[in-house]
Structure formats: structure tokens, C-alpha cells
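Taking it in order: structure first as C-alpha cells, then the write-up.
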Amino acid sequence: MNIPLLHPKTSTRTPHHSQLLLPHIRTCQSMRELKQVHAFLIKTAQIHDPIVATELLRHSATSDFRDIEYALSLFDEMPEPDCFSWNTLIRALAETHDRPLHALLFFCKMVSDGMVEPNRFTFPSVLKACSVLTRLEEGKQVHGLVVKFGFCCDEFVVSNLLRMYVMCGNMEDAHVLFHRSVDVGNLKAARELFDRMHKRSVVSWNAMISGYAQNGYFLEAIELFHRMQMEDLLPNRVTLVSVLPAISRLGALELGKWVHFYAERNKIKIDDVLGSALVDMYAKCGSIVKAVQVFERLPKSNVITWNSILGGLAMHGKANDVFDYFARMERSGVPPSDVTYIAILSACSHAGLVDKGRSYFNHMVNAGFVPRIEHYGCMVDLLGRAGYLEEAEELILNMPIKSDDVIWKALLGACKMHKNVEIGRRAAEVLMQLAPHDSGAYVAISNMYASSGDWDAVAEVRLMMKDLDIRKDPGCSWIEIDGVIHEFLVEDDSHPRAKDIHSMLEEISNKLNLEGYRPNTTQVLLKMDEQHKENLLHYHSEKIAVAFGLISTTPKTPLHIAKNLRICEDCHSSMKLISKIYNRKITIRDRKRFHHFEQGSCSCMDYW
């Protein structure tokens, strides 16, 4: 490379002359070239020029061929590194996959030395390091320094502070930053920080929406998404990707359609990431036909795109379609990932295809994939549902990896289905050790005891739950009407139209009786009279949601409902008849899969 030949005697040249070398530093294409420039600067004594030295440091730390160790050695040779030099290395360390902790340590050194004060460009990188490491306590300390150095009104800094709280899973702290009405004791400084913000950027909104969605605050995420638009802030691609998971979980199909339309109208590129999120949304909101349509318009070179449609089809119980799409994927030359096989094994489980599931599991192993806990979980679910409980238990006990509570829950659920108290008790005992405060194991074993008439054992389990302050998760269902999401709990009478809903429930009950339906009170595993059991079944959350849907929509309008638990046998039987009586397509997504009810039948073929 051509470097201007400066004689050693010119070592006292002014910065103006030495800056002639800046273009040569910036055009270096390798560390070898950069080191040549460095050597020349040393030889001509121009390395002492702070501008040139800083540019050399920046290029060695942030270029495509970066060498962090070399950059650190350059920094050590700088007599008085300025804030830009500190920031350069902190950012480089934070963005290097195995060096975020070094970024924090480097920042601590900067603050403790006291020679240079951090500026508004320092904190985002430090907060990113805290986020990657999920170091909430260190993040709070950085928050204190943000306040101390007067950047609590800086939109750029605060946006990254919000993101840190979100990524560290501390939504209460992030909530304080975003809602001035919330008061959480020692987080007063965080609240004051947000109160003094004059403007919220799209980045801040995106961080909050994503954080709510990722941490299970789905309604809050959607509410915030609506508020963002009310304040005349235009959502961008990241916003849409962030809110779609919340829309998916609540089954808010109309809102999901609006997001899709918004992206197309505003010419936001529907790439593999946004496209896959849309496919996932349509599938989880019950419109698998629309999910397929979106998928067919996407570029199919990415495994993420294929996995989204395979997972959606599996959730809808379309096993044969899953196998066909997987064959297409293989023919297209896109190699499957381990997530691909989770979708395939899940499809086998929903359809009861035991031999097919075993075959695909072996195919995965032969392809060089090491099975994860999720793959074993699918196999346990597959075997358990089909009644192979001993084999499922043996698979768990002989796995080469440590079992978790999810896989034991799958076995326990199968034991409940097949009324196998012996294996169920063993599964419950393990679950109580793995997740002692999770209600699932206690409720399942209690229900098994109840179904066998062992009420003393039921009382013992419930007393244990009371002592440990463990409470059963209430059934909850959501239905979207005209873009508004309505939430219903078991025996819920809090809705403004509760009276109308109850009238419709009575009408439904009368019409079901005329069709010969009788409540399946074996589903109520409580010691009470039959009439009380029937009343409890009458007010399950999905039945309330359906009743509300019937009084809120025109005839023949399909109803889409999402719920947090598995649908019970009584509700399943009822929904089949309701779909026939009212000539409605009713789609219910329970915790595991979709049920499409139409004209008296269900897409699951009564296998779920």
C-alpha cells in the first residue's frame, strides 16, 4: 500500500499533517495492512497524534477483520485516551460474543480512574453488555450512573436502559420506566427517569412491546401497540415482529390481519423473519389456510420459513400435510434443523402415529442431530397418548440428558388420560421435586385420585397445596370481536354484557338437551352433588366465550377462541353440537393444539 513517506526528522509535524494518514487507515483491508500503518506511525513518531491513534484503535476494534487483543494493546499505549477511545473498546467488547463481561470491567475501570467521564455514547454499549449477560444488578448500578451523570432525559440512553430491563426479564422495572402511575419502592429513580423524558422513540416502544410479549404480558403488549399508534408514532418492522407473538398467543386474528395489511400498505419488506412471524400468527390464530398462503409467497431458502409452516400445520393436526411439506423442504435443498423435527414429531403425536414418530426420531438421529429435551418430550407425549405409558416412562429414565418438569408433565397428562394412577403417582412425585410450587402436578394427581374415588388421597393433596400456598391456574379464554379482545374466566360474570351472556348460555343448554346431550359430570373431580357439577360445567370459560361470540356476531360468522388450558371432554362434546345447532364454525386453540368444530364434528377426530 502507498503510505506517504515522511522522514523521521519530521516527527514534530502538526496534527494537520499527520491526519493525511487517516484515509490510509480507513482503507486498510486486513490486520496486516493496519499493522503496516501502525509500524510507520511508530517509526515516524506520529503515533502520538491523538486523532491518528484513535482512528487506528477504532479500525482495529470495529472493522470486519477486528482484532480485540490488538486494539487493547493499542489502547494501553495511549497516554491519555479520550472518551471516544474508551467508548470504542467498550462497544467492541460488548458486541463480541465472548467478551461482554470484559466490557463491564472495562467500563468500571473507566469510571474508577476518573480521568474521563462517560458520555451519552458510553452507556448504550454498557447496557447492552448487561442485557447479554442478564446482569440485572449491574444494570441497576449503571442506571444509577446514568442518573448521576445527567443522562436520564437522553432518549438514546433511556431506550437502551428500557431494553436492558426487558432483556433481563424484569418487567416490573421496565414497567416503572414506562408508566409514571406505577410506584415500586426502591425503583423510584427509574420512575423519575421516565417521567423526565420529553419524547419516546420507536426504539423505546419496541423494547417495551417486545418485553411484554416475551414475558407473558400479552394484553399489555397489544395495549401498548395501540397506544403507540394513538400517539402518532408509526410502527416499523421491528414493532410488527415484536407484537405478533402477543397477537398469536391471544388468537387476535383481526388485529393480526391489520398488522399484515399495515406492512403491505407501508411497503415494509416481508422478509423471512417478519414473514415467518406472520405465518406463525395466522396458524396460531386459527387460520391455517391464510398461513399457507403467506408461506407460499415467501422466499423459501431459509429453514426458519419452513419451520414456521411445519409447526403451524402440526398444531392444526394436519400430519399428512406436515410430511408433504417436509418432503418439499428436502427436495428444495434446505437442510432441516432440530426445530424441524420438533414440528414433525409433534404432528405424529397429535395424530397418534406412533410408528411414524419412531421412524422420524431415528431419521433425525441418523442425520447427525443430537436429540434435545424437546424431542424426547414429543416422543413421551406420542407414546403416552397412545397408551404406551411404560415405554414412555422408560424413555425418560434412560435419556442421556437430564429430564425437566415439562417432560414429566407430558407423562403425567397421559397417565391422567388413561387413568394409570401408579405411573402417575411416580411422575407426580418427581414433578413435585422439580417444580415444587407448580400447581400442575398436584392438580393432575388429585384429579386421578378423584376419578378413582379416593377422596382421602384427594384431601391429602389439597391440604399439601394449601400448606405450600399453591393455587390452581384458573381456566381462561379469549375471543376477539371487532378488534377488541375479551377475556373470560370460569364462572365469569364481570363482563358488561354478563346478563346477555347468561341468557345465551341458558339457551345453549336447552338446545343441547333437546339434541340428547347430557353433561359429562365425570369431568368435575370434586365431591359434590350432580346438579352442582352440571352448573360448573355450564360456566367453563370457553363456553362463556362462545356464548358471547354468538350474541356479538351475525349468523354464520366463524368464532375463534384461545384458552390457556386443555379443553375438557364435556366442552369438546358440547362444541361439536353447538357448531351444528348454530351452523357456526368454531375454532378453539387450547394449550396443545387446535380444534376446528363444524357441523357436529371436530378436526382432531376426538384424539387429543
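Positions of Cβ are set from backbone N, Cα and C atoms, glycine also.
TrEMBL annotations: computationally assigned, not manually curated.
Here's what TrEMBL has on this protein:
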- 82-117: repeat 'PPR' (REPEAT)
- 201-235: repeat 'PPR' (REPEAT)
- 302-336: repeat 'PPR' (REPEAT)
- 337-371: repeat 'PPR' (REPEAT)
- 516-608: domain 'DYW' (DOMAIN)
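Mean pLDDT for the repeat 'PPR' (302-336) in this predicted model: 93. Per DSSP, the secondary structure of the repeat 'PPR' (82-117) breaks down as 27 helix, 0 strand, 9 coil. Across the repeat 'PPR' (337-371), the DSSP tally of helix, strand and coil residues reads 27 helix, 0 strand, 8 coil. Per-class residue totals from DSSP over the domain 'DYW' (516-608), listed helix then strand then coil: 37 helix, 16 strand, 40 coil. Secondary structure of the repeat 'PPR' (302-336) per DSSP, as helix, strand and coil residue counts: 26 helix, 0 strand, 9 coil.
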